[in-house]
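Chemist: Structure provided below as structure tokens; questions to follow.
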Amino acid sequence: MAKVYYEKDVTVNVLKEKKVAIIGYGSQGHAHAQNLRDNGFDVVVGLRKGKSWDKAKEDGFSVYTVAEAAKQADVVMILLPDELQPEVYEAEIAPNLQAGNSLVFAHGFNVHFDQVKPPANVDVFLVAPKGPGHLVRRTFSEGGAVPALFAVYQDATGVATEKALSYADGIGATRAGVLETTFKEETETDLFGEQAVLCGGVTALVKAGFETLVDAGYQPELAYFECLHELKLIVDLMYEGGLENMRYSVSDTAQWGDFVSGPRVVTEDTKKAMGTVLAEIQDGTFARGWIAEHKAGRPNFHATNEKENEHEIEVVGRKLREMMPFVQPRVKVGMK
């Protein structure tokens, strides 16, 4: 079982007198910066010119280029998309790191897969809230918190663990609990969850269910409701209280169908395929493929995305959602 740390375990905040540079001001960046500031930390924001720069300024932060922010900071938290981090790190952060600084991440991908190679004289750790930035900020403002993970990759100063817990405490995570892990474990489990269950697994299951009903002659609109739209109702029940809560809340007919049919859909062969997915994450196959795809301009990524967006379930869904003005996407579709 994971070791969990709480507020009582952070007796001395070793970062309170240090300057923290938050690199990036998106979902996580704005939450980290504002929570740290509210907890008395000296925070600056490092960005390239654009809308985020203006937003951080409006929120009252001193905003600098990434290089300028990194140069003056003791702690540099990189909250940029994974694929952008190596270039920004090499060009603007690495030349400005000093011995004893802390290089911090919210996901271990680039360090674990050697895309970012920190110098030996800095501490390297991650603090990863298990929720989106808006929730990290809102719960903090309400006196609560989102749990987080932390891991130490490199302890150059001898107090990297204390620094990581101090940072986690600064964003409020110790109110809920901070679980200790490693860069390897955080990275591999995160990627596996996305690919086998949360994104890849769910989308493949939803499409297969939709196609099965449509191919059998049922109306696409009903197939959409049964296989996609109602998924939120079930996921919310699981989110709130696990599988037990979901099964308690649905009808007995639905629960019995769960018991007798679920294992016939997700079979031992499915688990073997999941094992293959995990192995390709562990040995770096997935990472190498994604890095190469990004460097090539993402031709397959964009082609697949365009094709998927025209699947019948998407065409039907767009029409049905026009009937439901209460359903509004949090992020405008097509922004990527």
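Counting begins at 1 with the first residue displayed.
The backbone N, Cα and C atoms fix where each Cβ goes, glycine too.
Per Swiss-Prot, the feature active site maps to His107; the stated evidence is sequence analysis. Marked as NADP(+) binding site by Swiss-Prot on the basis of sequence analysis: Tyr25, Gly26, Ser27, Gln28, Arg48, Ser52, Asp82, Glu83, Leu84, Gln85, Gly133. As annotated by Swiss-Prot, Mg(2+) 2 binding site applies to Asp190, Glu226, Glu230. As annotated by Swiss-Prot, Mg(2+) 1 binding site applies to Asp190, Glu194, with the evidence given as sequence analysis. Taken from Swiss-Prot, the feature substrate binding site applies to Ser251. Marked as domain 'KARI N-terminal Rossmann' by Swiss-Prot: 2-181. Marked as domain 'KARI C-terminal knotted' by Swiss-Prot: 182-327.
I'd like to know what surrounds each of these features in this structure.
Modeler: DSSP assigns His107 (active site) to coil, not to a helix or a strand. The Cβ of His107 (active site) has 21 other Cβ atoms within 10 Å, all protein chains considered.
Asp82 (NADP(+) binding site) falls within a helical segment according to DSSP.
Classification of Glu226 (Mg(2+) 2 binding site) by DSSP places it within a helix.
Around Glu194 (Mg(2+) 1 binding site), the C-beta neighbours below 8 angstroms that are at least 6 residues distant in the chain are Gly200. In the three-state DSSP reading, Glu194 (Mg(2+) 1 binding site) counts as helix.
Listed in sequence order, the same-chain residues six or more apart from Ser251 (substrate binding site) with CB atoms under 8 A from its CB number zero; the list is none. In the three-state DSSP classification, Ser251 (substrate binding site) falls within coil.
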Chemist: Highest Cβ count within 10 Å among the binding-site residues Asp190, Glu230: which residue is it?
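Modeler: Result for the most crowded candidate: Asp190.
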Chemist: Here's one to test understanding: among the recorded positions Arg48, Asp82, His107, Gly133, whose C-alpha is closest in space to the C-alpha of Asp190 (Mg(2+) 2 binding site)?
Modeler: His107
Chemist: Looking at the recorded positions His107, Glu226, Glu230, whose Cα is closest in space to that of Leu84 (NADP(+) binding site)?
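Modeler: For Leu84 (NADP(+) binding site), the spatially nearest of the recorded positions is His107.
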Chemist: Could you measure between Arg48 (NADP(+) binding site) and His107 (active site) for me? Cα positions, answer in whole angstrom.
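Modeler: Each residue's Cα considered, Arg48 (NADP(+) binding site) and His107 (active site) end up 21 Å apart.
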Chemist: Using DSSP with the three-state reduction, classify Tyr25 (NADP(+) binding site) as helix, strand or coil.
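Modeler: Note: Tyr25 (NADP(+) binding site) is coil by DSSP, not helix or strand.
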Chemist: List the residues of the same chain that sit at least 6 positions away from Gly133 (NADP(+) binding site) in sequence and have their Cβ under 8 Å from its Cβ, in sequence order, or write 'none'.
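Modeler: Non-local contacts for Gly133 (NADP(+) binding site): Gly26, Ser27, Gln28, Gly29, His30, Ala31, His32.
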Chemist: Look up Arg48 (NADP(+) binding site) in the DSSP assignment and reduce it to helix, strand or coil.
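Modeler: Reduced to three states, the DSSP call for Arg48 (NADP(+) binding site) is coil.
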